[in-house]
Amino acid sequence: MATEIVNVKEFQELARQALPKMYYDYYSGGAEDQYTLRENMEAFCRIQIQPRILVDVSKIDMSTTVLGYNTSAPIMIAPTAMHQLAHPEGEVATARAAAACNTIMVLSYMSTCTVEEVASSCNAIRFFQLYVHKRRDVSAQLVQRAEGNGYKAVILTADAPRLGRREADIKNKMISPQLKNFEGLLSTEVDKGSNIQALASETFDASLCWKDIGWLRSITNLPILIKGVLTCEDGACLGWMPMLLWISHIMDTHLDGGNSLPRMEAEAAIKAVEVGFDGIIVSNHGARQLDYVPASISVLEEVVQAVGGKVPVLFDGGVRRGTDIFKALALGAQAVLVGRPVIYGLAAKGEYGVRRVIEMLKDELELSMALSGCPSVKDITRSHVRTERDRLQSML
């Protein structure tokens, strides 16, 4: 008799058993020494929850909105590549699970099902993730196809001018399948041993910079979010923070013994104001790009403070428990994105597995809210968590 799965983490072992080693390593691995991969989860363990008692929690409301779209809980499905390597139904199964759970799915630019197939499969609220291709017309056509098929936002992944060094993929000679979204536009077959890295180097536009965001704005009417922000100066580059407040934050960081942060030149600040993203996602790309960057959760609050409430801040990286979601919300995230657990659920049990992953996280979040004295998402505040920085400051 199979042992009952009682938490999201346990789906990882089921996925390992179900998948060829090459594919499991592709999904589970991180960059180089995988320090940041471990730290993404371990950093959550260093944040304590400070519950409130004698609060009426007989009814818990986890519902929220993201860019004005209603969702049953502040949990979204992160963009992850090539779902058909995990299950034959691929992103279609994932989208159906998102619809069943009334949550938002972000479809990967590197999906194995087409934009149109996912759109026609269900009524899930869908965003589209974008890497900018060296041939801008390819990216433009994909964005316009997404917009024409009812996708509600574009997520620009900005932390991948080149692909990170993922050594398991190199050893396994990981091969990417032909991606149907690009049929008729270009070939995604690369005649090299480990072709994931070669594919990225031949397609991703390493010259992309802030001045190019105007081009992206020109090809779509959809709201655009940027994914991959890890520092307050990049957050400030979104143009929503008065210069004096930004400098004040830098001075506070110096006084707290933090890292020195470079000042923005006036010209750069003006350019940043002109960019105007509609939201940001604090993310280190699942620790798959540059190793030894901070865990996403450790920089979330810094970015939230830099943005100053002008646009929503979403969070991505290391979420495995409802308590992780609670901590991210307390530090200012409007919602979290979940990546690997969704893939593990898909590999283990298809659409049902993805549903169970989301449902388990929702159940755990609901319990965390009840035990912390938070009847609704808006009741989760900064005072509900205690970070390492809080503990250090209390000793001064």
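Each Cβ is built from the backbone N, Cα and C atoms, and glycine gets one as well.
Nobody curates TrEMBL annotations by hand; they come from automatic prediction.
Because the structure is a prediction, the values reported are computed rather than measured.
The following features are taken from TrEMBL:
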ACT_SITE  His285  active site, proton acceptor
BINDING   Tyr26, Tyr131, Arg166, His285, Arg288  glyoxylate binding site
BINDING   79-81, Ser108, Gln129, Thr157, Lys227, Ser283, 316-320, 339-340  FMN binding site
DOMAIN    1-390  domain 'FMN hydroxy acid dehydrogenase'
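Whole-number maximum of the Cα to Cα distances across the glyoxylate-binding residues Tyr26, Tyr131, Arg166, His285, Arg288: 19 angstrom. Counting Cβ atoms from all protein chains shown, Ala81 (FMN binding site) has 18 others lying within 10 Å of its own Cβ. Counting other C-beta atoms within 10 Å of each candidate's C-beta, the binding-site residues Tyr26, Tyr131 are led by Tyr26. A mean pLDDT of 88 is what the model gives for the domain 'FMN hydroxy acid dehydrogenase' (1-390). Taking Asp316 (FMN binding site) as the reference point, none of the binding-site residues Tyr26, Tyr131, Arg166, Arg288 has a C-alpha atom within 10 Å of its C-alpha. Comparing Lys227 (FMN binding site) with Arg288 (glyoxylate binding site), their Cα atoms are 14 Å apart once rounded.
A C-beta separation below 8 Å, combined with a sequence spacing of at least six in one chain, links Gln129 (FMN binding site) to Pro79, Val106, Leu107, Ser108, Tyr109, Val154, Ile155, Thr157, Lys227. Separation of the C-alpha atoms of Tyr26 (glyoxylate binding site) and Arg320 (FMN binding site): 19 Å, rounded to the nearest whole number. The 10 Å shell around the Cβ of Pro79 (FMN binding site) contains 25 further Cβ atoms across the protein chains shown. Of the recorded residues, Arg340 (FMN binding site) and Arg288 (glyoxylate binding site) place their C-alpha atoms 12 Å from one another.
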